[in-house]
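Trainee: Below is the structure I would like to discuss, written out as structure tokens.
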Amino acid sequence: MNFDELFGNFPALTITGLEQGAIYALVALGYTLVYGVLRLINFAHSEVFMVGTFTALWTWEALGYDQNSPSPAIGPLILALVAGLVVAAVASAATAVTVELVAYRPLRRRNAPPLAFLITAIGASFVLAESFGIGTSRAPFGMPVLIPSETAFTVFGAAVTNIQLLILGVTLVMMVSLDQFVNRSRLGRGIRAVAQDADTAALMGVNKNRVILLVFVLGGLMAGVAALLWNVRYGYTKFNVGFLIGLKAFAAAVLGGIGNLRGALLGGLLLGVAENYAAGLFGGDWKDFTGFVLLIVLLMFRPTGLLGESLGRARA
Amino acid sequence: MRQKLARVLGGVAISALVISGAAACKADSGTEGGSGDKAACDLKIGFFGPLTGDAAGLGIHMRNGTKLAIDQYNKDNADCKVNLAEYDSQGDPAKAPALAQQAVGDTKVVGIVGPAFSGESEVADPIFDEAGLPIITPSATRPSLSTKSWKIFHRGVGNDTSQGPAAGRYIKNVLKAEKVYVVDDQSAYGAGLVDEVKKVLGAVAGEDKVQVKQTNFSAVVTKIVGSGATVLFFGGYYTEAGLLLKQLKGAGWKGTMVAGDGVNDANFIKVAGQQVAEGTVLTCPCAPATAAKGTFVTDYKAAFENAEPGTYADVSFDITKIFLEGIKAGKSTRADLLAFVKSYNKAGTATGVTYKFESNGELDPAQVLVWAFKVNAGQVVPDIEIPKA
């Protein structure tokens, strides 16, 4: 135990933990949305994220940025970021939809048992990860430094960088807009209706399959945004980059209450920060250990997660 | 109809079994007959190491060195060739045992160049030992590998008890760093190397561990920056090293990273990016492959699309030639070839190192040298040979 390390670096550990947690939260949304409507853990979601990281990188390469190019001026920078964001979001959403159409919908039509979905989800995850692995020779890819990291301001002696502000800001904006969309819009009402009671919703004229597709699109879009932020912050991708993040994001979703959008944000941030504190206190090798012990202990006391499973039970 | 088909298939299977059995007998008698003076043909030398995955960059250069040696041999001995068998471990100890069994099961394989990494060596070498299949590793540098009394084990380079202290001396005497932070990846190689470095440095500013495949290093970055260290020693492989350094420099750290042979590869610069990698010091218990003796460098470039030979390419070339010399001299069984390697005492044409192994399989200590390399303008270039203590 190293309390000096923890308390000495407490502000810095908190900020970098929040930043990592924000990315967990965005990916966690995909798990939560699909679970809320289908009661299905979409394990292929980690690969939806991975596809986003690769397509954003390829977009930048197509725009002429390679790993060693200098950081662009503000105009081309915004262009590169927006282009990367659009391509990553669209590609991730398309991947999520493809998985739904190819892997899940045929099973649903045949009323397959939940176990069949679970195995199919894992299978889809492997197929996607391995096809990228084979296609890229399992090599790691570095990325251009589009935004050089600069200290924006300091809190309690810890530097907050412009990239960290960007990540936290974008995550909050995405969260709020998704929350508003699901709770206020017509399409959002359809999602909540199907989550509450799919059959009744169908009788009321909600097209169930369309709602399910929408849920996969939304989850994919969020994963695409997360992928872009990941690229900007960590500047690296590989065919299995989604595995660990997917696992953590899934844990974050369960921690906050799977099926609950706000729970995904809370769970993600909490997990990110807890991991960092653990790494400070016990050393880096205890990071994952602590994160998952936290999950188990919390679930013992609140089996449905911190905020409970609410997508279905939200007010109509 | 279906029954008929089953019977036909069964018949085919049985006859295939009989034929392959006969073939196997024939092959067996062939190797027995070959233990005379004449070289046996169509034997295989295996290369065992990562050809895909996170650390493939290191493995591919070694495989190329081995392949170059075999191709040159085959050109001179066109009537009696030796084949290369590749075992792609991805550098993963979990994948190594099955591959080692596969190599052992192929009776044509008489020698192994590899396993490239220490972690995979720990699980694969006992399997090779049981089968009496001789190995010479060009790069697995964990010291304890030679203490397991494996008869088949040979190391064509120095180990981390020479590399680690040399890296420590470089940090102390050349960089003159007072505050050094050490990080390892908890692999057999990385943790062992860091232990050796710490012995020379004495007190360090702090230490931490990361994981292979970890991508987010924010906690350890915070600690390193907070410790005020000016030098970071990293024990591990290039992917994690590149990511860690990138995030460190992103957090405003201005110090120098020093790392071992596991990072000594052009791919490190690919992961970290040129600006970030600049100035990083990389050690290796080997001489620069780009300055190898004889025609090695030109031959290598001609054979592999003008690629510069990477770390250990020259060592792999030379140790493959030890096996090839043995085969040429008629040592066509694993036992004969093992005895041949054990009594070998000759200088390699590319490295100039005299390959003479001690009874535990270590290279003669007088032959071990450690070099420091530096990343300069996007290239790993030789810096100095680190003087012995």
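From the backbone N, Cα and C atoms, a Cβ is placed for every residue, glycine too.
Remember, TrEMBL labels are computer predictions, not curated facts.
The model shown is predicted, which means the values in this text are computed figures rather than measured ones.
So TrEMBL says this about it:
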type	residues	note
TRANSMEM	A:22-41	transmembrane segment
TRANSMEM	A:48-65	transmembrane segment
TRANSMEM	A:77-103	transmembrane segment
TRANSMEM	A:115-135	transmembrane segment
TRANSMEM	A:155-178	transmembrane segment
TRANSMEM	A:211-233	transmembrane segment
TRANSMEM	A:239-258	transmembrane segment
TRANSMEM	A:265-283	transmembrane segment
TRANSMEM	A:289-308	transmembrane segment
Trainee: In the same chain, who gets a Cβ under 8 Å from the transmembrane segment (A:77-103) while lying at least 6 residues past its ends?
Mentor: 30, 42, 44-45, 47-49, 51-53, 55-56, 58-60, 63, 65, 71, 120-121, 123-124, 128, 146-147, 212-213, 216-217, 219-221, 223-225, 227-228, 231-232
Trainee: Take the transmembrane segment (A:22-41) and find every residue of the same chain, 6 or more past its ends, with a Cβ under 8 Å from one of its Cβ atoms.
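Mentor: Hits for the transmembrane segment (A:22-41): 48-49, 96, 104, 114, 117-118, 121, 167-168, 171, 174-175, 178, 191, 194-195, 211-212, 215-216, 218-220, 222-223, 225-226, 229-230, 233, 245-246, 248-250, 252-253, 256, 258-261, 263-265, 267-269, 271-272, 309, 311-312.
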Trainee: Name the range, of those listed as A:48-65, A:155-178, A:211-233, A:239-258, A:265-283, that has the largest tally of Cβ pairs under 8 Å with the transmembrane segment (A:115-135).
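Mentor: Stretch with the highest Cβ contact count: A:239-258.
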Trainee: Please work out which recorded stretch in A:155-178, A:239-258, A:289-308 has the most C-beta pairs separated by under 8 angstroms from the transmembrane segment (A:211-233)?
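Mentor: If we count Cβ pairs closer than 8 Å to the transmembrane segment (A:211-233), A:155-178 scores highest.
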Trainee: Is the transmembrane segment (A:239-258) in contact with the transmembrane segment (A:48-65), using three or more Cβ pairs under 8 angstroms as the rule and ignoring pairs under 6 apart in sequence?
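Mentor: Counting Cβ pairs under 8 Å, at least 3, so yes.
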Trainee: Are there residues at least six beyond either end of the transmembrane segment (A:155-178) with Cβ under 8 Å to its Cβ atoms? List them, or say none.
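Mentor: Contacts with the transmembrane segment (A:155-178): 9-12, 14-16, 18-19, 22-23, 25-26, 29, 147, 149, 218, 222, 225, 229, 232-233, 261-262, 265.
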